[in-house]
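These features come from TrEMBL:
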- 2-79: domain 'GST N-terminal' (DOMAIN)
- 81-215: domain 'GST C-terminal' (DOMAIN)
Amino acid sequence: MPHYKLMYFNLRGRAEIIRYLFAYSGIKYEDHRIEQVDWPKIKPTIPFGKIPILEVDGVTLHQSLAIARYLAKETGLAGQTPLEQALVDAIVDTIDDFMSMFPWGEKNQDVKQQIFNDLLTNTAPGLLRDLDSFLGDNKWLVGKSVSIFFFLFQIQLSLEQSNWMKLNYFHLHSQRSEKHPLLCVGFNSLLFFLTHFQALTTLIISHPQAWTHIC
């Protein structure tokens, strides 16, 4: 088994998907967290000056999704055939495109709230409808096994639900799932998908929450 060392800030952010994959797969790794105040002196020593990075037996990988895809392939969570892997990659990139729209680092709270308002009100429902349609009757999304998509989607939902609650947007849709408030009851495929993976949801809920939330 390789020696894994993950380096990221002491928060969830772009390392969250990597931590979930390690947790689900039961793989031991060194979780090295750095403080923001120490970053200026550490940054010049990091390839391309960005984190997270993952050291695998001394080889440094960068870019969070590249790391996540590597782990997914190592643990059978990336799809079982090249075609399945391409389908999983396409959905993962779709989720990441949406997540990248959010102004996580915006200091002006009024501006941040306005952008969150627009994305959650006008963009999120369309994405959820597309995902619901893509899922159809396939409880696994792609193939016949769990994939990296589930973890990324759970992270997206947890962040969005947190911000919907902060911004009091639940009145926009009267019929919501009790277990997954962000999802309207009409998203039947997504609701079934998440219910089908209730055991994984339990894993995520029990996942250590020692990190500072980025939103």
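Using N, Cα and C of the backbone, Cβ positions are placed for all residues, glycine too.
Across the domain 'GST N-terminal' (2-79), the model assigns an average pLDDT of 94. Each residue in the domain 'GST N-terminal' (2-79) gets a DSSP state, and the totals come to 37 helix, 20 strand, 21 coil.
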